[in-house]
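> What follows is a single structure, and I will ask about it in a moment.
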Amino acid sequence: MALSTLWLVLMLWTSLFSDSQCSTLSQAELQELEQIHTWVVSRSFPCSVTCGLGLLTQELCPIGVTRNISTSSCKLRTISCLDSWQCGLKTQTATVGRRLVLDCLEEVMEAMGRFSFVVSWRFAFAIITTDDSLFTRYEALSLDKVVLDPLREEDSGTYRCDVLDTGKRRVKRMYKGVKVLSPKDLSLDFAQGLIHWEIPESRFANLTSSRKVYSSSTIRNIVIISVPLSFAIAVVIFIFLFCYSRRARRAAHLCQDNI
């Protein structure tokens, strides 16, 4: 115990009363340091995607240069970024006979190359789900995408895409739900539908009819019957009011005679 205490005191004494000083750089060393190109990240842009592997753009500038993308001294570089490898489920609807492309990597494949990833596809037939036990292996002709051309009703279901990098680390899992409809069942032409609804006379086209609801003879009979009926009702009301007024007057006279 005493030996360790003595050793600690000697170390403190050496550090406090040491005559060592910070060495200064010579002029030649300063010139050599100025020739070294040191780049720092002056600005970083958000990742291109919120899930899965994306691309991130950074601005690199040498030390002492102001932050300005247009400055010739600065340069931009693109690197990969990953916030979350789970992308969840997305659904889309298409009609039979059309061409449908399910892309798993999109811009990342073009930027980093085809052989930087291992892509596998699985398929759950005729159901929209994220239950992995319902998926079976799906052979895609193109590794990074599934091309359905022409689209058939048997192609409806959920497609799952798994992406691994060269280190066998999962960087993306995506679910694509595909609903296939017959062109006779539903028209998905949004532009044509919007034009149709912007025309005022086309909004209630189904409510108009080219033929009359009632014939002219029917209308004439209705008028012939309604006029006498209305007159009779008016006469009855007039007689009722006349009798009521006479009865009221008679009652008033009787009251005066009794007084």
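Cβ atoms here come from the backbone N, Cα and C positions, even for glycine.
Under the heading disulfide bond, Swiss-Prot lists Cys104-Cys161, citing sequence analysis as support. Taken from Swiss-Prot, the feature domain 'Ig-like' covers 97-172, and the record attributes it to sequence analysis. The signal peptide annotation in Swiss-Prot covers 1-18. The feature topological domain 'Extracellular' is assigned by Swiss-Prot to 19-221. Residues or ranges marked as transmembrane segment by Swiss-Prot: 222-242.
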> Using DSSP, what's the helix, strand and coil tally for the domain 'Ig-like' (97-172)?
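Here the numbers are 15 helix, 32 strand, 29 coil.
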> Fewest other Cβ atoms within 10 Å: which of the disulfide-bonded residues Cys104, Cys161 wins that one? Let me know.
Cys161
> Which whole number is the mean pLDDT over the topological domain 'Extracellular' (19-221)?
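The predicted confidence over the topological domain 'Extracellular' (19-221), as a mean pLDDT, is 80.
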